[in-house]
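Peer 1: The structure under discussion is supplied below as structure tokens; questions concerning it will follow.
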Amino acid sequence: MATAVRLLGRRVSSWRLRPLPSPLAVPQRAHSMLPVDDDINGLNEEQKQLRHTISKFVQENLAPKAQEIDQSNDFKNLREFWKQLGSLGVLGITAPVQYGGSGLGYLEHVLVMEEISRASAAVGLSYGAHSNLCINQIVRNGNEAQKEKYLPKLISGEFIGALAMSEPNAGSDVVSMRLKAEKKGDHYVLNGNKFWITNGPDADVLVVYAKTDLTAVPASRGITAFIVEKDMPGFSTSKKLDKLGMRGSNTCELVFEDCKVPAANILSQESKGVYVLMSGLDLERLVLAGGPLGIMQAVLDHTIPYLHVREAFGQKIGQFQLMQGKMADMYTRLMACRQYVYNVARACDEGHITAKDCAGVILYTAECATQVALDGIQCLGGNGYINDFPMGRFLRDAKLYEIGGGTSEVRRLVIGRAFNADFR
């Protein structure tokens, strides 16, 4: 049965998130879920229900753990939670029904990314790496045997997926990668490493880019994509990285020492990996833009109620004009970002995928999320600066989106070059 039926057929009832305890003078009611006006956002009834269903689930099962996950840099129940996401049908949200997917679009994918990130941006990032960077790449580029072998377990949550592209000296300049894949009989032998790999310590299945021709000119012609399993001989992971933000979304270095990968595990064709890579980047940037949306909404969830509980000079601080200005700035940034992201997602669902706007949505939402997080800290004053409140976590998490998946500088280059190409 299609998982879309499981996902969208649930009855949605109203709920209210239990407020997080505060150790200070602000009452516990200071945190509540703010309503999202999806009539303005242009969502249909199924999309509204999708948001409500996922929001209810993650606010009950993930949000109360978000601070602990951040502080310990560990999500102890990751595997169990992943299977719950699988049972909801959201891990393979864009995958075909025949493999257990929900067969929905990129707008729905963004909505789920947003709501998970609203509860925990770190877990939202891991979800994006699994559902888009890994699953969607196999859906778009895998052959039938690969899809039948890998997709069902990735979609159910039995397996965790990742994508490995970056290296210590090949981040934005990804085609300069040095991970080498040499063909020997019916296998390829991989030697080298990958770095900053989201889900790396946990992944069972990884989409890995390697050089099958180190002398190719241009260098992009020598790249091949492989599907690598964690138990393949010669593959290992280094210790988990201790990051500024997105803590609990596990990241590490991957090590390939004479790692044997069957030739049957080539994703697409030999030396055609750059096409897999570049076509996937546009949709990666779009889906990941849901992360900053969720962070901004979480900031508002904590900030707006706080401003109407905290008192100074004999009145609620939300009554001061400067604080009203902060509220207006945060809200309008979020709403402008939502409209841009949702409209680009709709266009992609209709087959109109543009690198310029996929880069644009992650550029704009990432930088707005950082500013909204800073504004939220300012609104809470001293409480915003201590770790009893989550405001610092929002800022640290938001900053990742200006760096990961292509930096803000690279996104500006993508947009600028697109305009220049129109005038050649």
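Yeah, the Cβs are placed from backbone N, Cα and C, and that goes for glycine too.
Sharing the record's features from Swiss-Prot:
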{"type": "ACT_SITE", "residues": "GLU284", "note": "active site, proton acceptor"}
{"type": "BINDING", "residues": "163-172, 196-198, ARG310, GLN321, 378-382, 407-409", "note": "FAD binding site"}
{"type": "BINDING", "residues": "SER172, SER220, ARG221, TYR275, ASP282, LEU283, GLU284, ARG285, GLY405, GLY406", "note": "substrate binding site"}
{"type": "MOD_RES", "residues": "LYS56", "note": "N6-acetyllysine"}
{"type": "MOD_RES", "residues": "LYS56", "note": "N6-succinyllysine"}
{"type": "MOD_RES", "residues": "LYS65", "note": "N6-acetyllysine"}
{"type": "MOD_RES", "residues": "LYS65", "note": "N6-succinyllysine"}
{"type": "MOD_RES", "residues": "LYS76", "note": "N6-acetyllysine"}
{"type": "MOD_RES", "residues": "LYS76", "note": "N6-succinyllysine"}
{"type": "MOD_RES", "residues": "LYS239", "note": "N6-acetyllysine"}
{"type": "MOD_RES", "residues": "LYS260", "note": "N6-succinyllysine"}
{"type": "MOD_RES", "residues": "LYS260", "note": "N6-acetyllysine"}
{"type": "MOD_RES", "residues": "LYS316", "note": "N6-succinyllysine"}
{"type": "TRANSIT", "residues": "1-30", "note": "transit peptide"}
Peer 1: Which of the recorded positions LYS56, THR198, LYS239, GLU284 has its Cα nearest to the Cα of ARG221 (substrate binding site)?
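Peer 2: Considering only the listed recorded positions, the nearest one is GLU284.
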Peer 1: Given the recorded positions LYS56, LEU163, SER166, LYS260, GLY405, which lie close to GLU284 (active site, proton acceptor), meaning Cα to Cα within 10 A?
Peer 2: GLY405
Peer 1: Cβ-Cβ under 8 Å from SER172 (FAD binding site), same chain, 6 or more residues apart: which ones?
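Peer 2: Listed in sequence order, they are GLY406, THR407, GLU409, VAL410.
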Peer 1: Compare all C-alpha positions of SER172, SER220, ARG221, TYR275, ASP282, LEU283, GLU284, ARG285, GLY405, GLY406, the record's substrate binders, and send over the largest distance in angstrom.
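Peer 2: Among the residues the record ties to substrate, max Cα distance equals 23 Å.
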Peer 1: Taking the Cα atoms as reference points, how far is LYS56 (N6-acetyllysine) from LEU163 (FAD binding site) in Å?
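Peer 2: Each residue's Cα considered, LYS56 (N6-acetyllysine) and LEU163 (FAD binding site) end up 29 Å apart.
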Peer 1: Counting other Cβ atoms within 10 Å of each residue's Cβ, which of the recorded positions LYS65, ARG221 comes out lowest?
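Peer 2: Each of the recorded positions LYS65, ARG221 was scored; lowest Cβ tally within 10 Å is ARG221.
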Peer 1: Just counting, how many other CB atoms are there within 10 A of the CB of LYS316 (N6-succinyllysine)?
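Peer 2: Other Cβ atoms found within 10 Å: 14.
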Peer 1: To the nearest whole angstrom, state the Cα distance for the pair SER166 (FAD binding site) and LYS65 (N6-acetyllysine).
Peer 2: 30
Peer 1: Return one of helix, strand or coil for LEU163 (FAD binding site), based on DSSP.
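Peer 2: Once the DSSP labels are grouped into three classes, LEU163 (FAD binding site) ends up as strand.
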Peer 1: Compare the Cα of LYS76 (N6-acetyllysine) against each of the binding-site residues ASN169, THR198, ASP282, GLY405, SER408 and report the nearest.
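Peer 2: Checked the binding-site residues ASN169, THR198, ASP282, GLY405, SER408; minimum Cα distance to LYS76 (N6-acetyllysine) goes to THR198.
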Peer 1: Indicate whether LYS65 (N6-acetyllysine) is helix, strand or coil by DSSP.
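Peer 2: Once the DSSP labels are grouped into three classes, LYS65 (N6-acetyllysine) ends up as helix.
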Peer 1: Could you say whether, by DSSP, ASN169 (FAD binding site) belongs to a helix, a strand or a coil region?
Peer 2: coil
Peer 1: Cα of THR198 (FAD binding site) to Cα of ASP282 (substrate binding site): how many Å, rounded?
Peer 2: 18
